[in-house]
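According to Swiss-Prot, the disulfide bond annotation covers Cys34-Cys79, Cys65-Cys91, Cys96-Cys137, Cys123-Cys153, Cys158-Cys201, Cys187-Cys218, Cys223-Cys265, Cys283-Cys333, Cys317-Cys345, Cys350-Cys398, Cys456-Cys497, Cys483-Cys509 (among others). According to Swiss-Prot, the domain 'Sushi 2' annotation covers 94-155. Here Swiss-Prot flags 221-280 as domain 'Sushi 4', drawing on sequence analysis. Positions annotated as domain 'Sushi 5' by Swiss-Prot, on the basis of sequence analysis: 281-347. Residues or ranges marked as domain 'Sushi 6' in Swiss-Prot: 348-413. What Swiss-Prot records for 454-511 is domain 'Sushi 7', and it gives sequence analysis as the kind of evidence. Taken from Swiss-Prot, the feature N-linked glycosylation site covers Asn73, Asn82, Asn205, Asn336, Asn428, Asn433, Asn436, Asn446, Asn465, Asn478, Asn499, Asn572 (among others), and the record attributes it to a curator's inference.
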Amino acid sequence: MITWSFIDLWRTSHSTLFQMTLATVLMAPVLGDCGPPPLLPFASPTNQLYESTTFPSGTVLKYTCHHGFKRVNSSHLSCDENGSWVYSTFCARKRCKNPGELVNGKVEIPSDLLVGSIIEFSCSKGYLLIGSATSRCEVQGKGVDWSDSLPECVIATCEPPPPISNGKHSGRDDDLYTFGSVVIYNCDPTFTLLGNASIVCTVVNRTVGVWRPHPPACQKIVCHRPQIPKGYLAPGFRQFYAYRDALEIRCKKGFILRGSSVIHCEANGEWFPSIPTCEPNGCTNIPDISYASWEGYKFPLRNFEVFEIGAKLKYQCKPGYRASLNDPQTVTCQENLTWSSTNGCERICCPTPDMEKIKIVSERRDFTGTCIYAYGDYVFYICNEGSYPMSTDGRSSCQADGKWDPAIPSCQADSGLQNRLALFTFPNISETNVTNKTYLFGHEENSTEHAMKGVCLKPMVINGNLSVERVIYAELENITIQCDPGYTIVGSPNIICSNRTWYPEVPSCQMEVLEDCRIVSRGAQLLHCLSSPEDVHRALKVYKLFLEIERLEHQKEKWIQLHRKPQSMKINRSFRLCN
């Protein structure tokens, strides 16, 4: 619309002013008219307007509500003096009826039930929707109604569960598998189930029933018993293990576990996590202490044993040895897994006798050690004229405490001893050589008588041999006895002449009888002629006694032969097995 101000009109030319005045006069009759009425979405004019384009002020038009709408106010439009159509909303949307309840489902109404509204349908879990999932409130004839009727919710069903190799499920072919149905799979013997043993009928995308999860598989799975040096299996062990079997692993004392203490047999036949190891957490390689033994251990300690940190081992020196000065005689396992140091054991020496006052007849000495005389060494000695040995037999031994027993080889004066001269030859016996020494005792008319008081007669050992064959043996002379083949020595093989007596006593040689072999041989023959095992047992006892008598008789005959006496008549004790 073009507007002009009053001042502008007076500034225009006379011709323009005339034209505007004329237009004002001509337009005066239509200043209050209205144009065509508005197009309403809910109503239309009742009467046809015949393409009228202008309506005078005060014109009233009647409207009719569209289908799906109903009148709620005056349905008139008025043209006011300003040339505008005046009206209020007089038609409202009609309402569809309530759709009702959906069995095993629900109806969702987003806003309202008025015409044009859309409602949605959904089924409960495990049910499938049969029908339309939505419905629209629309005009139908002169009224309104829903475009789609209520759908139906039916329970979902699944196909029969699939079979598996080397196994079966709990269902039957004629079963109806609905939502929530469960079947359980089992494997044949010696097969292991991989996966979930049970599957469930469920719904996917609200449209189809399927089994979830996927059926399991049956396979042969074997895990071998793990080898864990210095470790062991806590609950015991088997040679083979099946899928998902668990093992608890522990380490022996002195070792620490590196890795997981619990492992499981996996589907690939391997253990998971990986098999752990047992590593030393203590000291090994026990110190080798010469001339010592470990206290509290009956058998020698083994180097593969492991001792915990802080463990202490106490050792004892062997007889003839003692701990070094200020040594605690213990070793300790330290944090660096090594043993503390020790000085060990040192040899105990016996004092050396005064060689100017004694004469050694025989001795045993260890020439490889640091001592002249050490534990186990001994000497046989005589004294110079006018004295006699401190020990009764002229023998003294070096003891473990470093002292001589009975006393250090020495001599003491004999005021009643007369001069005697006797000449004897004694063996000087050592570990490496044997020589003869001559000693002067004195002389007298009866020197031979006195000398014979110190000799020994030849020992009689039946079925045995002497290392030195003589008729008589000198005082302090020692010999060795060895038995003939088939005989065993009973007693000490080494004896020494002391005060006209052999010390220790002369041993004997006893025959080695293989009684078991002879008894078994006889028993095999007895079984052929005796009726019962009890008779055989008694017969074997009698035969064993017969063998003992026969052995004693044999020894008696040999002794008689050696002493050149008339031989005894041998008794015939033949043992008849069967008549």
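Cβ atoms are placed via backbone N, Cα and C, with glycine included.
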Among the recorded positions Cys65, Asn82, Cys218, Cys265, Cys317, Asn478, report those whose Cα falls within 10 Å of that of Cys497 (disulfide bond); none is a fine answer. Asn478
Mind giving me a neighbour count for Cys158 (disulfide bond)? Other Cβ atoms within 10 Å of its Cβ, every protein chain shown. 21
Specify the nearest of the recorded positions Cys123, Cys333, Asn499 to Cys398 (disulfide bond), where nearness means the distance between Cα atoms. Asn499
Count of other CB atoms lying within 10 Å of the CB belonging to Cys218 (disulfide bond): 20
Measuring CA to CA, name the entry from the disulfide-bonded residues Cys79, Cys91, Cys123, Cys265 that ends up nearest Asn478 (N-linked glycosylation site). Cys265
Listed in sequence order, residues with CB under 8 A of Cys91 (disulfide bond) and six or more positions away: Leu40, Phe42, Ala43, Tyr63, Cys65, His66, Phe69, Lys70, Arg71, Val72, Ser75
Lowest local Cβ density among Asn205, Asn499, which the record lists as glycosylation sites, within 10 Å: Asn205
According to DSSP, which of helix, strand or coil covers Cys350 (disulfide bond)? coil
Cβ-Cβ under 8 Å from Asn82 (N-linked glycosylation site), same chain, 6 or more residues apart: which ones? Gly32
